[in-house]
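> Residues annotated as compositional bias 'Low complexity' in TrEMBL: 1-16. The compositional bias 'Polar residues' annotation in TrEMBL covers 75-90. Residues annotated as domain 'Amino acid permease N-terminal' in TrEMBL: 91-142. Annotation comment: TrEMBL describes 181-681 as domain 'Amino acid permease/ SLC12A'. Marked as domain 'SLC12A transporter C-terminal' by TrEMBL: 690-1084. Taken from TrEMBL, the feature region 'Disordered' covers 1-41, 60-90. Positions annotated as transmembrane segment by TrEMBL: 182-202, 208-238, 259-279, 299-318, 327-348, 377-399, 411-431, 491-511, 541-560, 566-587, 599-617.
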Amino acid sequence: MSGPKPSLKSGGSPQSRFQVDVVTEAAPADGSKPPEESKSRLRVVGFLDSVALGSAMDIGLPPDVSHDPDAARSDSVSLHSTGTGHTHISDSHSNTYYMRTFGHNTIDAVPNIDFYRHTAATLGEKLIRPSLSELHDELDKDPFEDGLANGEEPSAAEEAAVALAAKEAKGGTIKFGWVKGVLIRCMLNIWGVMLFIRMSWIVGQAGIGLTIAVILMATVVTTITGLSTSAIATNGFVRGGGAYYLISRSLGPEFGGSIGLIFAFANAVAVAMYVVGFAETVVEMLSDVDALMTDELNDIRIVGTLTVILLLGISVAGMEWEAKAQIVLLVILLAAIANYFIGSFIAVESKEPKGFFGYTAIFLENLGPDFRDEETFFSMFAIFFPAATGILAGANISGDLADPQSAIPKGTLLAILITGVTYVVITISAGSCIVRDATGDHNDTVSDTVNCTDAACTLGYDFSICKEGGCQYGLMNDFQVMGLVSGFGPLISAGIFSATLSSALASLVSAPKVFQALCKDNIYPGLGMFAKGYGKNNEPLRGYVLTFCIGLAFILIAQLNVIAPIISNFFLASYALINFSVFHASLANSPGWRPSFKYYNMWVSLAGAVLCCVVMFVINWWAALVTLLIVLALYIYVSYKKPDVNWGSSTQALIYNQALTHCMNLTGVEDHVKNFRPQCLVLAGYPNARPALLQLVHSFTKNVGLMVCAHVRTVTRRPNLKEVSQEHARCQRWLNKKRLQAFYTHVFSDSLRHGAQFLMQAVGLGRLKPNTLVMGFKNNWSDGDMRDVEVYINTIHDAFDLQFGVAILRLQDGLDVSHIQGQDEILTTHEKPAKEVVVSVTLTKDSDSDSCPSKTTSSQSSPLIVRETKCPLSLSDQRLLETSQQFKRKQGKGTIDVWWLFDDGGLTLLIPFLLTNRSKWGDCRIRVFIGGKINRIDHDRRAMATLLSRFRIDYSDIHVLGDINTKPKKHNKLSFKELIEPYRLKEDDMEQEAAERLKAQEPWRITDNELELYRAKNNRQIRLNELLKEHSSAAKLVVMSMPLARKGTVSSALYMCWLETLSKDLPPLLLVRGNHQSVLTFYS
């Protein structure tokens, strides 16, 4: 519950203690009384070490420190850390935080970035600003009585994170800038093996023009995604986790959790893809020199396994080594690209038979497409696009970047630009100097007898035989043609190795980092072991091993043609959600959405999301369907598990916007009887105190109407508002955990009546406002103070005055279970330890615990955590606990008996109908009981049957009570007389003045005149109880019209006696009285 109070002792560690002296600023020279502002303020007069001095200076302590050993009055102040990432500065004199502001000793703090850090901040320790109560409350109030300020009690996870952050700071973590951390990684990942072994073939098929169109289309998708990534990355501090972190913090755990898992898996399998690409090239080279170890397939497995083991070693060695390896690979790759361009300008005659002629007239011939083997523009796009999917390589290591907000936008967008330009330039170059088909034969020169018109003919070669097929050279036939063009062929092979290994290394690092962030958030139970990090950089070694195992498994399969399209679609699904995140956040218009990167547009982001989805189906329609199904399945799972996280996602913001809009729209619509819904204000006290009352109301309000669990708290001491706020949150969490669709609210008042008045007038928003007051019956009213009965009955009168309907539930064993130790708990802020329960502990069981459901006196305490003791329950408490859960169970076959004696607008009939629509009550049938005369029973039954059929309400039977006005039995009348006897005024036995004085003091007393006036009504309540026992003793629930008492005429005691007599010794009884406005209609 409450956190520990900070220590205020002067002793302790010298590293966090310093002496202070009471001083006054600008004190008059004559020693007169100092100004009020300077009273009780403290100046630091001597730090005991330089560490404490540095910390104090950071948070604004005065630099002008001095030590006065002769101070007559010296208090101890401690600058102490709570061990939770919070630093407090407190003093034992005023017991408040100390901050020097504008040259004056005041505890009001100036703006400071450390006030806004998360508890587990890694860039600095979180400071706690003075709370409002510390600045505003009386001086004798203890600001630390509830633990940490601002209600921020740290969890064990937060404490561990702070400890880890301190450890990292001590060890000096390796952080990368935007070039080494983002730009180089993205370029290496985008410049894949496609650059050297597929670009030339795509140019041959699609021609220069359409190939550039393919590149531009892919670049448009990646650029929009890059802009969206930049917008999200600059909307606050970015932690580790890459795409998962960006999506989960924007759209919430449902989308983030589903994408995070498949994105990490996609990167793990991508390791296998790139390594197999490398291994195939190596094995091909071995085959050329006849140096195979076994056969080609097994050689690929052997080389791939050795390669992935080497890459794992580089990754485990740490991010610094991995970054150095990436730089080496980049140098090789740049050298290979430069080697190609240099070679393209060096025309070598020996290369001409193989199709390379240098920059000549070939350009115009290769400008248009020449699709073969059923290839199309979209198939070319599908083949090329995976080459552009490396744009998140930098974002995936966001936790290892020195400044992610600056590095991710600059590095990602610049990488897209550089690589896009490179692809376009290579396309133009390859299309300008290499013909589509070549034989490789020096003898295929142009002869006068052949009619030759293509570009090769103008250059002296006749490759027309290639139209029949079988040629091995040229753009269309030789995947290694760039090696032919280059100045030094082996350097192109080195470039292929560099491209594949760099992409594999980036994926091998990305997958564990993303997976570690996912596991830290505990979205999927059971994966927590992979959240642990090692070393100064918090390396996810377990994640590396897992990624290695997944990659190795797919390497050993060595058949990636099926899985490759799914991997590309996994990446595209991530891109689509990143784009959608920006659109969603902009649409929600949350004040928290204010990225410093301004070059984005919500509609462009939406178009990018749609484009990504279209590209998914263009690349491979069945893989796109598989991807969507996997995302949907994971989304449903996370939604069902409801992880206990709150990241302020745009989903929450949009829900708020929609709720606000709909509420405003409702205010412009007049109420209509067809749209009437019972919206219940339930005076239940603490939610776990009267579970039966809440369960029954929830049964007929779920997905139909509003339910507010209200709590009137009558306290004799001033409430601790921070404690109240925490308690409110716990109660709402309890309702959510029990799947009760209800709001919890409380109010402090001097009495139940006044509190209920406040609630009935103030609770609600627009049309979402309660219209029915629901209370528990005051079971033990006769044993308590009759003033409480007066308050209880007047609360009912107030409800009718405010045009509320009223419902009162009575269970014979009672409703209140709060005095029973071990009953259902109210959840604490964090998950409670095992074998602890929360109960409402009362020093003495309140006599009106059932009837004043929201009353909390000074003799009662809030729900407390206590150790569960196995003390046996009394028989009555066992029965009470059992009956308190009866509405939670399925009711089975039975009846709901509706005693609709008086027309209140139809609420008495509507509630049973709504109950029977629930599965728990679905087997129950409605029986309707109405009053009537003996000679009109058939007529009254037919009239009621007609009315019910018009209302379209199913019923099993209608009973007309013709004997309702028969005199009750004598012993029942005698019991009623004994019941009212203690509450009679008996004015005939005393003087008139004394009687009037007693009536004024005790207005609940029953006068003789009142008894005589309501003799018939008294007898009716007695007779109705007899009929209820006769007809409805076996009902699952009795819903009955509640008798009304005229205000100012019927005393509270008599009305209470009516309710008691009417409802005693019966099954669960719900007394209902609507506000006499129609809630049912038979008009369409």
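The backbone N, Cα and C atoms fix where each Cβ goes, and this holds for glycine too.
I would like each feature placed in context: is it buried or exposed, what are its neighbours, and how far apart are things?
In the predicted structure, the domain 'Amino acid permease N-terminal' (91-142) carries a mean pLDDT of 63.
Within the same chain, residues 176, 211, 214, 274, 277-278, 281, 326-327, 329-330, 333, 336-337, 380, 383-384, 386-391, 393-395, 397, 401, 407-408, 410-412, 414-416, 418-419, 422-423, 426-427, 430, 434, 475-476, 478-483, 492, 495-496, 498-500, 502-503, 506-507 sit at least 6 positions outside the transmembrane segment (182-202) and bring their C-beta atoms closer than 8 Å to a C-beta of that stretch.
Distant neighbours of the transmembrane segment (208-238): 123, 199, 202, 245-246, 249-250, 363, 366-369, 377, 380-381, 384-385, 387-389, 391-392, 395, 398, 401, 404-405, 408-409, 412-413, 416, 420, 423-424, 427-428, 431-432, 575, 578-579, 581-582, 585, 592-597, 599-600, 604-605, 607-608, 611-612, 615; these residues of the same chain sit at least 6 beyond its ends, with a Cβ under 8 Å from one of its Cβ atoms.
Same-chain residues lying 6+ beyond the ends of the transmembrane segment (259-279) with a Cβ under 8 Å from its Cβ atoms: 192-193, 241-244, 247-248, 299-301, 303-304, 307-308, 311, 396, 496-497, 500-501, 503-504, 507-508, 510-512, 514-515, 517-518, 523-524, 546-547, 550-555, 558, 560, 563-564, 567, 570-571, 573-574, 577, 627, 630-631, 634.
Among residues of the same chain six or more beyond the transmembrane segment (299-318), those with a C-beta under 8 A of the stretch's C-beta atoms are 174, 271-272, 275-276, 278-280, 282-283, 286, 292-293, 325, 501, 504-505, 508-509, 512, 535, 537, 539, 541, 544, 548, 551-552, 555-556, 558.
Using a Cβ-Cβ cut-off under 8 Å and counting only residues 6 or more beyond its ends in the same chain, the transmembrane segment (327-348) has close neighbours at 180, 184, 187-188, 191, 195-196, 356-359, 422, 426, 429, 433, 482, 485-488, 491-492, 494-499, 501-502, 505.
Beyond its flanks by at least six residues, the transmembrane segment (541-560) meets 265, 267-269, 271-273, 275-276, 279, 297, 300-301, 304-305, 308-309, 312, 315-316, 508, 511-513, 515-516, 529-530, 532-534 of its own chain at Cβ-Cβ distances under 8 Å.
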> Given a Cβ distance threshold of under 8 angstroms, which distant residues of the chain, six or more beyond its ends, lie next to the transmembrane segment (599-617)?
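Result: 220-221, 224-225, 227-228, 230-231, 381, 385, 569, 572-573, 575-577, 579-580, 582-583, 586-587, 623-624, 627.
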> Using a Cβ cut-off under 8 Å, which residues of the same chain at least 6 positions beyond either end of the transmembrane segment (491-511) come close to it?
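Cβ under 8 Å, 6 or more out: 185, 188-189, 191-193, 195-197, 242, 264-265, 267-268, 270-271, 274-275, 277-278, 281-282, 285, 307-308, 311-312, 314-315, 319, 322, 325-326, 329-330, 332-333, 335-337, 339-340, 390, 392-393, 396-397, 480, 482-483, 543-544, 547-548, 551.
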